[in-house]
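Peer 1: Can you read through this structure? Questions will come right after.
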Ligand code: 5RP
């Protein structure tokens, strides 16, 4: 099976976690896109969705799914999203698709976080995938110095094919931090959150996944945390 077929399989399985007549939190990325396409098939069963990015909002609307402003939604039954890495405790690195801050906000309001990922995303220790940190542009260099003190090598994310900084949906910049071995995700998340100028860090440990649907050649495995 290709990686896309594995992503499609978990996206299909995730439909079982959609709570009927509710507003669903929807993540960002290629796996989330497969999920949105599946969600469209049962759109009559849900009230609508809260999107974690402009790209996800556009795809949901393209399928005729109503997109709600999070400020108008007191609670979300389930948030469904992909991950760049996930460990055995349900902690994740996210933000490869640049939507980490809004993903974190929507996830914080959700009762349940269902992570959908192909099997390659499950790791013993996170950190091989560079950890994305969203920062206020004027703090790019000062935050980078602090991240270097933690042992990482931060690199400013650029717009593909240019030398210009990539700008997020929130007007932030992204520092992708390589060289970290994340043995204590909650502690590192708290430490990076303390750095002045950080908008959000792509470590989802304090609020990790409750369930992970993992696509493997043997089928979709369900991990519960
Ligand atoms: C976006 C994310 C994505 O969930 C993560 O990058 C995984 O993406 P994909 O499903 O394309 O592998 O965190 O900010």
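Sequential numbering from 1, following the chain as shown.
Cβ coordinates come from backbone N, Cα and C, glycine included.
Curation does not apply to TrEMBL; its annotations are automatic.
Source: prediction; values computed, not measured.
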Peer 1: Among 47, 111, 121, 128, indicate the single residue that TrEMBL lists for the substrate site containing 28, 29, 30, 31, 81, 82, 83, 84, 94, 95, 96, 97.
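Peer 2: Candidate in the recorded substrate site: 121.
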Peer 1: In whole Å, how far is residue 103 (active site, proton acceptor) from residue 96 (substrate binding site) when you measure between their Cα atoms?
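Peer 2: Roughly 12 Å, rounded to the nearest whole number.
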Peer 1: Within 8 Å of the Cβ centre of 28, 29, 30, 31, 81, 82, 83, 84, 94, 95, 96, 97, 121, which other residues of the chain have their Cβ, at the recorded substrate site?
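Peer 2: Same chain, not in 28, 29, 30, 31, 81, 82, 83, 84, 94, 95, 96, 97, 121, Cβ within 8 Å: 27, 32, 117.
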Peer 1: So for residue 30 (substrate binding site), how many other CB atoms are inside 10 Å of its CB?
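Peer 2: Excluding its own Cβ, the number within 10 Å is 16.
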Peer 1: Rounded to the nearest angstrom, how far is the Cα of residue 83 (substrate binding site) from the Cα of residue 103 (active site, proton acceptor)?
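Peer 2: The Cα atom of residue 103 (active site, proton acceptor) is 11 Å away from the Cα atom of residue 83 (substrate binding site).
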Peer 1: Using DSSP and three states only, what is residue 81 (substrate binding site)?
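Peer 2: Its secondary structure by DSSP: strand.
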Peer 1: If you count Cβ atoms within 10 Å of each one, which of the binding-site residues 94, 121 comes out on top?
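Peer 2: Selected residue: 94.
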